[in-house]
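Residues annotated as active site, charge relay system in TrEMBL: 156, 229, 563. If you look up TrEMBL, you'll see 38-122 marked as domain 'Inhibitor I9'. Under the heading domain 'PA', TrEMBL lists 387-478. The domain 'Subtilisin-like protease fibronectin type-III' annotation in TrEMBL covers 678-775. Positions annotated as signal peptide by TrEMBL: 1-32.
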């Protein structure tokens with residue numbers, strides 16, 4: 001039998017092309033009509049019908065039931081669900097259109113839906129500065145290793161396992177209760193985990209859903225750290241001691257983490273294009289299931305209501321499981337109300353300086369010498385015997401910044417800057433990148449001048465050309481010199497590391513500030529800790545400046561940010577957990593807060609680097625951490641999960657909004673708190689209402705004795721201009737350990753103030769001083 005192949009006529013061919021074109025248009029229209037993004041769907045795990053054998057089966061059925069029926073979905077066979085959450089949070093993350101998400105939110109059993117949001121990273125000598133000598137921190141571990149083992153989960157950019165900071169010599173076997181895993185991928189194998197790095201996982205489904213597939217040729221799709229940030233924070237938490245650690249000769253000494261005996265579990269949630277909440281949530285959920293004791297999270301997004309903040313909701317679930325969550329406060333200071341991570345069940349950490357700096361001198365042609373800071377160490381060195389032309393491309397009298405004064409990419413004219421030292425204003429672009437711009441334009445050096453936003457705070461950087469950072473005041477002086485002198489000249493010289501700097505600590509200008517406008521009665525940040533010029537381990541994949549043009553490779557790097565202060569507190573929390581395994585997350589946070597100090601090494605009140613004025617609890621919270629005192633605080637203010645829920649019951653949330661926190665433990669409001677200020681928080685913040693008449697406000701606290709069984713404490717409280725203060729009773733007499741005694745503090749307005757007032761309440765027994773900061777806020781009468 002013959003077979004025939006029929007030729008297509010020209011008209012039929014045109015018809016076929018038109019059909020294909022129309023189909024492509026329909027598909028394009030469908031894609032435009034139903035663009036998908038990632039949503040986090042919180043489910044009520046108790047609402048699962050018996051007809052489903054597992055929660056995942058039920059979740060999948062729910063998602064499938066609301067999918068749009070279109071040409072796109074018929075042809076689109078991709079898996080919509082990218083994560084399942086089942087420990088600190090319950091539900092899934094799925095790729096949905098907005099219409100599908102709205103339909104799903106109305107379904108039975110769906111508690112809440114959160115759109116996936118992008119978070120940003122908040123980017124030695126610190127153990128000694130904090131009073132943790134090697135013998136002391138080792139003693140804490142030797143006393144407790146026999147009966148307790150602590151693991152800190154670090155959510156960050158991954159880890160560089162070859163670093164000496166993660167050497168496990170002398171560490172015991174990984175505890176049998178640990179359920180973590182060592183996930184593999186490019187550049188990371190099972191053997192990269194050891195008795196120090198007990199877990200390493202990666203979370204990227206949300207990131208890929210938002211940005212496309214990770215390019216594995218240019219980025220490690222594995223727990224390996226390409227950025228350096230995660231290695232730095234993990235080593236700060238629990239790095240093993242490394243003798244002779246330094247950055248290009250700066251900060252030479254022994255680098256070690258706050259809790260050198262603790263284990264590290266690295267959860268990689270941040271990639272080249274950022275960190276996404278669906279990935280962060282999955283990491284928190286997995287870390288709690290793995291068995292971490294502390295979570296260290298040096299990243300943040302904006303502030304949203306408690307029930308709309310997926311990290312806040314996940315942290316609540318972690319707290320319910322006994323895990324302390326430590327987060328960075330953010331680097332948006334010194335603007336007021338610039339904090340992130342403000343939930344009361346999160347420990348929110350601001351940043352401060354240490355007593356170490358890295359001086360560098362600017363010597364002017366006039367003979368005047370100005371001291372700044374730098375970590376420059378390179379082949380190009382300016383002669384101290386020679387003066388170089390000095391240039392500034394801006395105008396000090398203009399209110400609008402000139403892009404050239406900021407040394408932004410492509411703004412500098414080689415003819416104007418070649419062979420000269422260029423003054424660059426801080427802002428817009430990274431500090432080290434400005435130096436690269438100057439270098440590319442032929443400049444021989446840079447002076448980085450602070451603006452009003454940074455004040456006199458100096459942050460050292462590992463520049464790619466000779467460069468010195470100076471304060472705002474000196475910056476203005478330098479610019480005036482250049483703009484009023486036809487032949488302004490200077491040279492730059494770099495000094496060694498300097499210790500014993502006074503005053504210190506000082507609250508960093510960049511550290512985000514209160515008040516906490518979400519709930520004024522909850523004072524934030526909680527504490528400050530070292531976060532300026534911190535030396536710790538670094539990734540071998542990137543140079544110390546993090547610029548792609550930086551081909552230097554170092555084992556340690558010096559960084560600044562609340563990203564650096566957060567792991568200090570996480571590590572100290574691990575120390576406290578090791579010594580007091582029975583303590584709740586709230587008890588550990590209380591010990592950190594009530595033993596914090598509010599005076600510097602000149603015995604004067606802590607100062608604010610942005611203004612040189614005294615800092616306030618809106619800047620430093622309860623004060624600067626004091627680890628040795630925190631190990632033995634005397635009293636703690638404990639808070640149980642139900643107490644935090646009772647706090648939420650005072651926040652005017654609807655039943656469905658409260659359900660976000662209530663579903664897993666079947667919590668209901670018992671209305672045990674008269675106001676949010678009655679939460680048993682270690683800080684006291686009182687808000688007087690908008691009325692003209694006298695106001696009387698009372699807050700209640702309950703102290704738990706964790707010191708000697710028989711203890712007697714007397715109270716001392718600050719006087720205030722605007723209100724009288726009465727504490728009842730004035731004495732707390734304990735007769736046994738873990739006994740709880742309550743007291744109340746009554747504030748009566750006398751002369752309403754226009755500004756907040758700050759003070760403190762201290763319980764003393766002759767050995768311990770248990771201090772709570774007090775903030776009085778007077779709302780303006782209507």
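For all residues, glycine too, the Cβ spot is worked out from N, Cα and C.
What TrEMBL says about a protein is an automatic prediction, not a curated fact.
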Please list the DSSP helix, strand and coil residue counts for the domain 'Subtilisin-like protease fibronectin type-III' (678-775).
1 helix, 57 strand, 40 coil
Roughly where does the domain 'Inhibitor I9' (38-122) sit in mean pLDDT, to the nearest integer?
86
Whole-number answer please: how many Å between the C-alpha atoms of residue 156 (active site, charge relay system) and residue 563 (active site, charge relay system)?
10
Quick one: pull the CA-CA distance for residue 229 (active site, charge relay system) versus residue 563 (active site, charge relay system), whole Å only.
8
